[in-house]
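Colleague: Taken from TrEMBL, the feature ATP binding site covers 8, 9, 10, 11, 12, 13, 125, 170. As annotated by TrEMBL, AMP binding site applies to 29, 34, 55, 56, 57, 83, 84, 85, 86, 90, 131, 142. Among the features that TrEMBL reports, region 'NMP' is placed at 28-57.
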Ligand code: ADP
């Protein structure tokens, strides 16, 4: 599965809950980049300035990282990608990776929230977590990049009938409930669960 939506919609929070429910890893490209920056790795040095301005890391680099990660043992039975694919070229790469392993996507969870609300959330997170890309200018830039580069990605998955659109406003548990219900509507339930 994938989870998509504008910066600040709550993808990371919901991704963790979905991953727990389904017993699959939540794989966040943003987290992978931040971990590498924090640990001063070669990759971290390469992407630091890009991530801090809110632009996208080049597809070639991002694709390679995701390909490696999806080949790890814990992702074989299923995974939830958070923050990838974000460009149409990344969609093409994910299609190739899945084709090669004979896997397919079950659903794309689209979390929606309006711009004012997400900017407010991100500014609050800036105070709480001190994320370098959570300043107002960078937040605005991330929203613009999202609209320009990632909206078309959602269109592609809509055409494939995979998108489950979820209202991201409200308490975390309310949103989580909506996600679970929307997935169940599509016949996607945790292994061992009776609800079909
Ligand atoms: P947000 O949900 O606020 O957009 P993320 O944690 O998902 O934040 O991503 C943080 C940053 O990491 C992005 O602004 C971008 O610089 C980089 N990044 C994450 N995923 C990708 C991707 N799929 N392609 C290119 N850059 C990415």
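Yeah, the Cβs are placed from backbone N, Cα and C, and that goes for glycine too.
Since we're looking at a predicted model, the values are computed, not measured.
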Colleague: Taking only the binding-site residues 9, 57, 170, which have a CB closer than 6 angstroms to any atom that belongs to ligand 1?
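Modeller: 57, in sequence order.
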Colleague: Check the binding-site residues 13, 29, 55 for other C-beta atoms within 10 angstroms of each C-beta and report the one with the most.
Modeller: 29
Colleague: Give me the mean pLDDT over the region 'NMP' (28-57), rounded to a whole number.
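Modeller: Computed over the region 'NMP' (28-57), the mean pLDDT is 97 on the 0 to 100 scale.
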Colleague: Is it possible to get the count of other C-beta atoms within 10 angstroms of the C-beta of residue 12 (ATP binding site)?
Modeller: 14
Colleague: Considering only the binding-site residues 55, 86, 131, which fall within 10 Å of residue 125 (ATP binding site) when distances are taken between Cα atoms?
Modeller: 131
Colleague: Other than its close neighbours in sequence, what residues sit by the region 'NMP' (28-57), given a CB gap under 8 Å and a spacing of at least six beyond its ends?
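Modeller: Residues 12, 15, 65-66, 69, 81-84, 86-87, 131-133, 138-139, 141-142, 145, 149 contact the region 'NMP' (28-57) from elsewhere in the chain.
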Colleague: Which one of these binding-site residues has the most other Cβ atoms within 10 Å of its own Cβ: 8, 10?
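Modeller: Of the binding-site residues 8, 10, the most buried by Cβ count within 10 Å is 8.
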Colleague: Within a 10 Å radius of its Cβ, which of these binding-site residues (11, 86) has the fewest neighbouring Cβ atoms?
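Modeller: So among 11, 86, the binding-site residues given, the one with the fewest Cβ atoms within 10 Å is 86.
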Colleague: Could you state the CA-to-CA distance between residue 55 (AMP binding site) and residue 9 (ATP binding site) to the nearest Å?
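Modeller: Their Cα atoms are separated by 18 Å.
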Colleague: If you run the three-state DSSP split on residue 12 (ATP binding site), which class comes out?
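Modeller: Once the DSSP labels are grouped into three classes, residue 12 (ATP binding site) ends up as helix.
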Colleague: Can you check which residues sit near residue 84 (AMP binding site), meaning Cβ under 8 Å from its Cβ, same chain, 6 or more apart in sequence, and list them in order?
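Modeller: Result: 2, 27, 29, 62, 66, 90, 94.
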Colleague: In whole Å, how far is residue 12 (ATP binding site) from residue 86 (AMP binding site) when you measure between their Cα atoms?
Modeller: 15
Colleague: Give the distance between the Cα atoms of residue 13 (ATP binding site) and residue 131 (AMP binding site), rounded to the nearest whole Å.
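Modeller: Rounded to a whole number, the Cα-Cα distance is 16 Å.
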